[in-house]
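Beneath this line is the structure, given in structure tokens, with notes to follow.
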Amino acid sequence: RTVKAITGRQIFQPLHALRTAEKSLLPGYHPFEWKPPLKNVSSNTEVGIIDGLSGIQRLVDDYPVDTIAKRFRYDAALVSALMDMEEDILEGLKTKDLDDYLKGPFTVVVKESCDGMGDVSEKHGCGPPVPEKAVRFSFTLMSITVAHDKGSSNIFEESKPNSELCCKPLCLMLADESDHETLTAILSPLVAEREAMKNSVLILDMAGIPRMFKFVFRGTGYDEKLVREVEGLEASGSTYICTLCDATRQEASQNLILHSITRSHTENLERYEVWRSNPFHETVEELRDRVKGVSAKPFIETVPSIDALH
């Protein structure tokens, strides 16, 4: 739990400060299953808060690993969020004159967000030596549609998608958002779980009936700094000014009218391979021009949003 202090700073509270009622709202409380089972993900559903770097036994840059990040398993967190919305879903079915025993499949659109939380340091604390900045990865259930005999109906639409009330935290890490290696180490398992869920159907008991849910993930909740970070682009002072196309500052200043989205996650990955292997034995300048500013391995696919610079 994080609490905003009077000073406006974030204060982290330990887990035992949660009340019992609050614990039952945490992921890991409801049984569910996946068909087919998720690849490389345990079928155990009673998974609450886990160590963000479980499975990595060494220190990351000299920080004690068990203190650096805490997270939920992605599927358990989604189930918890859906169960929170059970009444909304049943109400939505009723409003659309659909039987409340419909099994689905329900399609859930999930907005993913990740942002730095700034300075969370203890000024006079005696905790472990960890970075003094935090990053939070969270998601919001944006809409739910259900397929039925006559087509499909939208039974839920989040009315306040930017409210903190519907924004579910998934992973909290003590790391600097500019630290590509630590961010990759901590978020890669989440991304792997998400990729596994794209090809599987969740079976979840809701109001006593097993229902099927499919998920669509949209990574739109990233600011420019983080888009550059997770898509492997150079930082924002780069000549390559735009996160959506290959324009340089010079080109962008001359062409203020014609725009098209040309960058993609797949292309960024291909360009990173070129940057890494330099197959044409070019100089650094030539190579950089070829890959248009991709200089690290992209590890999260983001959805282009309107606040790109160009």
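Quick reminder: no glycine exception, Cβ is built from N, Cα and C everywhere.
Automated prediction, rather than curation, is the source of TrEMBL annotations.
Look at TrEMBL and you will find 1-32 tagged as domain 'V(D)J recombination-activating protein 1 DNA-binding'. Mean pLDDT, taken over the domain 'V(D)J recombination-activating protein 1 DNA-binding' (1-32), works out to 68 on the 0 to 100 scale.
Feature annotation from TrEMBL assigns domain 'V(D)J recombination-activating protein 1 pre-RNase H' to 33-106.
Shown for the domain 'V(D)J recombination-activating protein 1 RNase H' (108-238): DSSP residue counts in helix, strand and coil, namely 26 helix, 62 strand, 43 coil. Summarising the annotation, TrEMBL assigns domain 'V(D)J recombination-activating protein 1 RNase H' to 108-238.
Taken residue by residue, the domain 'V(D)J recombination-activating protein 1 ZnC2' (240-302) breaks down under DSSP into 27 helix, 3 strand, 33 coil. The domain 'V(D)J recombination-activating protein 1 ZnC2' annotation in TrEMBL covers 240-302.
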